[in-house]
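Working notes, structure below.
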Amino acid sequence: MPDMKLFAGNATPELAQRIANRLYTSLGDAAVGRFSDGEVSVQINENVRGGDIFIIQSTCAPTNDNLMELVVMVDALRRASAGRITAVIPYFGYARQDRRVRSARVPITAKVVADFLSSVGVDRVLTVDLHAEQIQGFFDVPVDNVFGSPILLEDMLQIGLENPIVVSPDIGGVVRARAIAKLLNDTDMAIIDKRRPRANVSQVMHIIGDVAGRDCVLVDDMIDTGGTLCKAAEALKERGAKRVFAYATHPIFSGNAVENLRNSVIDEVVVCDTIPLSDEIKALPNVRTLTLSGMLAEAIRRISNEESISAMFEH
């Protein structure tokens, strides 16, 4: 069996190290930096010939820099005769542009990135909670899309929720919320229906379901600015919710996220470590992080040993 080796770019160094620790190994020796003009510089400083290589790199902000680091690392390893290269992308950037809406003149960037990765020699992709699962079909190589929900669910079961109800922040998240509700002792579910009556008029949030006197658990795949999430929490509290918790896999936290979360009525925001948090976010008392290192390490081990990934999520 080829030697398994882990390498990492500069996007998620702490997560990469945690994964390496879980696998009782060390990260490969690679110098990933910049030339004086800002171009990505990569040099692999150890033998990888015939190796089973895993590159851990989220394509989070700065998205373009991190994406280029990943593809240049892949090229360097491919030219060094690596046997198989798996791109471990905890957060897959550009995933939100996955279709042309009403034939608008816009790109499908998720497909562009998929083609980019395939063209440089990626043999396999391991990612977490793709924004749209059909993105897997944009690749011509196998894609393992694992779920952060077991880690989030384990935490939900430990924090002492009282009379909980799972809330989907929009219609598109109903499938995710229903799955969590079923695993959370088959609890009830509510849906927030967001509508904008007309242009330049604030969104109106209609809550489908009775949340009065209950602990509400908002679940989503990502939190960006947090604006919509915070408004959803306000609407839930206005309808009598006792406490509001927000769980999401990917903590993008861009724009006014710090201000929005600081002033929010959300009791706690729980996210995973697919994207590093800024010091400002870390300082917020209502934000907590869970690690996916154990789950990703197990997925890497299974891929390397040609074992089933889906078996990790069988209940």
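Cβ coordinates are placed from backbone N, Cα and C, and glycine is handled just like the others.
Because TrEMBL annotations are produced automatically, they should be read as predictions rather than curated entries.
For the domain 'Ribose-phosphate pyrophosphokinase N-terminal' (4-121), the DSSP-based tally of helix, strand and coil residues reads 42 helix, 29 strand, 47 coil. As annotated by TrEMBL, domain 'Ribose-phosphate pyrophosphokinase N-terminal' applies to 4-121.
Cβ contacts within 10 Å of GLU39 (ATP binding site), excluding its own Cβ and spanning all protein chains shown: 9. Residues annotated as ATP binding site in TrEMBL: ASP37, GLY38, GLU39, ARG96, GLN97.
Cβ environment of ASP170 (Mg(2+) binding site): ILE191, ILE192, ASP193, LYS194, THR228 lie under 8 Å away, each six or more residues apart in the same chain. The Mg(2+) binding site feature in TrEMBL is assigned to HIS131, ASP170.
Cβ-based neighbour count (10 Å, all protein chains) for LYS194 (active site) stands at 15. The annotation active site is assigned in TrEMBL to LYS194.
Feature annotation from TrEMBL assigns D-ribose 5-phosphate binding site to ARG196, ASP220, ASP224, THR225, GLY226, GLY227, THR228. Of all Cβ atoms in the shown protein chains, 17 besides its own fall within 10 Å of the Cβ of GLY227 (D-ribose 5-phosphate binding site).
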What's the longest C-alpha separation between any two of ASP37, GLY38, GLU39, ARG96, GLN97, the listed ATP-binding residues, in angstrom?
30
Using C-alpha atoms only, work out the spacing between GLN97 (ATP binding site) and HIS131 (Mg(2+) binding site) and round it to an integer in Å.
9
Let me check the 10 A CB neighbour count of ASP37 (ATP binding site). How many other CB atoms are there?
5
